[in-house]
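TrEMBL lists 100-586 with the feature domain 'K+ potassium transporter integral membrane'. As annotated by TrEMBL, transmembrane segment applies to 135-161, 227-257, 293-315, 372-392, 412-431, 464-487, 493-515, 522-544, 550-570. According to TrEMBL, the feature domain 'K+ potassium transporter C-terminal' maps to 601-845.
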Amino acid sequence: MAEESGQEINGGFSMDSTESRWVFHEDDEDEDVSDIEEYDADFRLRGRTTVVDSEDEDNLEQKLIRTGPRIDSFDVEALDVPGAPRNDYEDISVGKKIVLAFQTLGVVFGDVGTSPLYTFSVMFRKAPINENEDILGALSLVLYTLILIPLLKYVLVVLWANDNGEGGTFALYSLICRHAKVSLLPNQLASDARISSFRLKVPSPELERSLKIKDRLEGSLTLKKTLLIIVLAGTSMVIANGVVTPAMSVLSSVGGLKVGIDAIKQDEVVMISVACLIVLFSVQKFGTSKVGLAVGPALFIWFCSLAGIGIYNLVKYDRSVLRAFNPIHIYYFFKRNSTKAWYSLGGCLLCATGSEAMFADLCYFSVRSVQLTFIFLVLPCLILGYLGQAAYLMENHADAGQVFYSCVPSGAFWPTFLIANIAALIASRAMTTATFSCIKQSTALGCFPRLKIIHTSRKFMGQIYIPVLNWFLLAMSLVLVCSISSIDEIGNAYGIAELGVMTTTTVLLTVVMLLIWQIHIIIVLCFAVVFLGLELTFFSSVLWSVADGSWIILVFSVIMFLIMYVWNYGSNLKYETEVKQKLSMDLMRELGSNLGTIRAPGIGLLYNELVKGIPAILGHFLTTLPAIHSMIIFVSIKYVPVPVVPQSERFLFRRVCLKSYHIFRCIARYGYKDVRKENHQTFEQMLIESLEKFIRREAQERSLESDRDEDVDSEDEYSSSRVLIAPNGSVYSLGVPLLAGFKDTSNTSVIEASTSEVLSRTTSESSVFDAEQSLERELSFIHKAKESGVVYLLGHGDIRARKDSWFIKKLVINYFYAFLRKNCRRGITTLSVPHSHLMQVSMTYMV
């Protein structure tokens, strides 16, 4: 999908990104219309001038094209370095940096910060303590899991694999798609690859290994599908995490009541947890910025409390637990407990839960702020907290089931209980916001049905809220808490969801290392072997206990995977069918400029997902309606993978057919952070103004091309007569017999040249006058059409499986995909168009 800046494109050459140069462009007579349209990337309405031909004009003449400066407002985004800090966070004051640090605590680290509430409890239920060496072995496992997974893998490596500041599974997939044509997503254009955010580092020609991997990925449909399936599976696990994290965090924190109040039973703990979950998801709509700022100081107090309680227990009970930094105790732990120690790995993994949230929530904050906060605050406090719990257990083996609350000093129990519950709510929010980010990315890449997305911050555009998903996660969390009230079973489900995402990230990051970062193969192999081996070992432990009740989360993940796969499959099939059935240019020529019907005054905006060719739905309009508008504009709403598209670059235009047809194509581009809140009058005004600019620029380019052709003709005429100017100023024509050289031909030649100049000037002036008149007539036509009214022609193309199709295909297309498409958010929804301005025609494709 990404192209190098010097690559040849349709016969022309893309020049240096900072210079405006003239190049020759030669149209191939056999070139397909769809291929010609790939050149429409250059029809930007600002800072760029390009010769624009109608889609049915084929000729062999060379055209002079001036490529404008490549520097535009897109270039302010991260260009070359993956993970470059975005401009949202540059040049901010010290006070704002402190505020941002508190928000980072509140949004990113809540999940991993609350793991001391339940990690040791789950571990020692699966592998009971027999002697103090078991405590040292379990502590050593936890310490090195914290160092290997959250610190080494995520903080120091994975965070740098972001896609223009976006983190998560789909960010890795998008990053790979930019550097190799492995995307299976529809309606991709060459213009996408020439948006500045795409211009990242591509595999250099010197690295043969990287190019071989790129060629293998691009040439194998099986590998492309496998890559997409891995991404969808990882995304389904992220959504599952958004369900199980609130259940686990809230239930474990509220469970502390059984330590403080003996009369509290498990059923009462469940009811209180349900109430807390409802409050949690209800305040989600206030946004990450507001909620993050409110809970940031609370989480800071929580981490300080972890560290303080840990130091207190180390001093009071047993400082010998510091020996757990020696990994030999892990070996002793497995030697003594064997199978039980292996079971306990599922509990040990819980100390690293929330690692994926750090990456998925990256779009909310910068890489450096997340790294520094984790290394200098979060990790030291977590280590001290686990050391303190282990020190307490050295003398109190019986309290292993509720070790966190049991090791809190009696005078500080209730304040700690309060702050622990607040931290648990924050942890739940961390994974919820990560799920929002993941769904937003998957929707932009065509792998999830469109949902209503609300941007909750004017300053930081990545902070979003998805109402439907929010309430869906709440409902599923309540079901999980009420049906599985055991911390052990929920913890096992938690481990399954977390490991699914971690494994997916490891696989995709390995591809990024080979293809994009081009790291030495030994380093890549070490990374893959160490972390895949570690994660698969943990996975084997949690899957062994899947029958205990954690199978529910697997079923949920499979359902989410099927939803995404069916949507992607149906969308691709629909788009491919529309491409195959688009109207031919020959048919348009036969119909003529009136399109075989009556052209009524007005502008018809025909919405369609097709970005190339003439959509078949137009033919349906022509046969259904008694008349069609005098001007037709095919409008395609397209989301491009850059944060924000400025208004001046919103629309791309191209003329369809001859000028007399008055048919245009418009691609309205929006970034994945753009908020589409303009009303239909504003949208129409911007579109018409952009169209007028396009037509003026087109006329200007044709004028420049005409001047160039005249210059070439003049040179050809001059050279064909083989004129020679002597040193004395005499002009001799060498196109006549040599004997004529004895005659004085200078005056004749000068007179002929002078006459030719006068004729050329007269012809040029006449041509310019005609061009100006033609331009004014077309602009006047647009104004009259606009005054007559604008009507939105919505063509809904549905697909149905053929009668002879397989039963599975009929089930997927006719029922599952049809249900999703019927209930998803349509692209026109955000425009407040009155019903009197709407006209809808449906068309069903048999696939």
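Glycine too: its Cβ is placed from the backbone N, Cα and C atoms.
Within the same chain, residues 118, 121-122, 239, 242-244, 246-248, 250-252, 255, 266-267, 269-270, 273-274, 277-278, 281, 284-285, 287-288, 432, 435-437, 439-440, 451-456, 493, 549-550, 552-553, 556 sit at least 6 positions outside the transmembrane segment (464-487) and bring their C-beta atoms closer than 8 Å to a C-beta of that stretch. The average pLDDT computed for the domain 'K+ potassium transporter C-terminal' (601-845) is 72. Within the chain carrying the transmembrane segment (550-570), a Cβ under 8 angstroms from the stretch's Cβ atoms is held by residues 184-185, 228-229, 232-233, 235-237, 239-240, 243-244, 442, 446-449, 476, 480, 483-484, 489-490, 492-493, 495-497, 500, 542, 799, 812-813, 816-817, 820-821, all 6 or more beyond its ends. Same-chain neighbours of the transmembrane segment (493-515): 149, 153, 157-158, 161, 169, 172-173, 175-176, 179-180, 203, 209-210, 213-214, 217, 227, 230-231, 233-234, 236-238, 240-241, 243-245, 248, 346, 349-350, 352-353, 355-356, 359, 480, 484, 521, 523-524, 527-528, 531-532, 535-536, 538-539, 541-543, 546, 549-550, 552-554, 557, counting only residues six or more beyond its ends whose CB sits under 8 Å from a CB of the stretch.
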